[in-house]
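Encoded as structure tokens, the structure appears first; notes follow it.
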Amino acid sequence: MFVDEVEVKLRAGDGGNGCASFRREKFVPKGGPDGGDGGNGGNVILEADVNSADLRQYYFKPHWNAKNGAPGMGSTRNGRGGADCVLKVPPGTVVHDASTGEVVLELLESGERHVLLKGGSGGWGNIHFKSSVNQAPRQFKEGTPGQHGTYRFVLKTIADIGLVGYPNAGKSTLIAAMTAANPKTASYPFTTLNPVVGVMEPEEPGGIRIQLADIPGLIEGAHSNKGLGHAFLRHIERCKGLVILIDLSGVDGREPWADYQNLLKELDYYGQGLAAKPRIIVVNKVDEPAAADHLETFQKKTGTKPVPVSCLLGEGLPELRKALFSFANEMTQP
């Protein structure tokens, strides 16, 4: 079960009350006030953690509270501060205010930490209220409540290059061949129901590493949330570039060049700059009987020169690997 969107109710800790007490020592008949301050409430802190794969723990447990501060005590002893509540989320998590939809936080880098909700302040003990006209004050200050709120966590996958294509185009097979990722593969649509990120290691020392994301297959109408359109498309938003993967076999009577045009339309309709991202076109299944004719038509109709491969037989993969590293290097140039 992959969870990339949840709603959570969060509460920071309340501050502890101050204490009203007086010194009670032998031979000190009028010892004066000695009430300590209450402890501060714990904060709710979000931390991006690369070891967090998704948001499932918040799906099963949507309520999280930091600890309250302890009350002050006599002998000027202050209450202990409440423990923080640290919530670990995957890098790429966006935090929205559930009531307004406003973006409150974005956590992009592993180890990044932000205080989302502040704990309440501890109240003052009566020692603070002593004055020349009030030597034995009984007043104290109560702690203030911690902040609270309801938020929506939305995960947007972070990768250098996103693989985009129709279901069963061969994306999972391709990422398995190019990286150490091991997505489920089968000859039926929607095998991949959540993003899978694999890493292409550099061929030379000091070379760049490429994070390659297998985005679940799009269908026509994805921009209007048909199927799981929005849930899939948002994972492309953070990718620096795209690989458009086209099935050359003409599955279900579809023309490969038409598939390409329709995919571009879906990206354009969705917005968020997806259609303007740098892209490389890869045509898969060149081993199929009709592939040669489809490739010739594809090039004429689209005016492009795609990289031809057969993920099943491994044909063209070394050339594609070089093309991807060259593509990634171009995107990193200032």
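From the backbone N, Cα and C atoms, a Cβ is placed for every residue, glycine too.
Taken from TrEMBL, the feature GTP binding site applies to 165-172, 190-194, 214-217, 284-287, 310-312. Annotation for Ser310 (GTP binding site): spatial neighbours Asn284, Lys285, Val286, Asp287, Gly316, criterion Cβ-Cβ under 8 Å with sequence separation of six or more.
DSSP gives Ser172 (Mg(2+) binding site) a helix state. What TrEMBL records for Ser172, Thr192 is Mg(2+) binding site.
As annotated by TrEMBL, domain 'Obg' applies to 1-158.
Sequence annotations record features per position, and here TrEMBL assigns domain 'OBG-type G' to 159-329. Looking just at the domain 'OBG-type G' (159-329), the mean pLDDT is 80.
Residue density at Asn168 (GTP binding site): 21 other Cβ atoms are found within 10 A of its Cβ, drawing on all protein chains shown. Packing around Lys171 (GTP binding site) is summarised by its Cβ count: 30 other Cβ atoms lie within 10 angstroms of its Cβ, all protein chains included. Lys285 (GTP binding site) is surrounded by 25 other CB atoms, counting those within 10 A of its CB over all protein chains shown. Taking the C-alpha positions, the distance from Ser172 (Mg(2+) binding site) to Gly165 (GTP binding site) comes to 11 Å.
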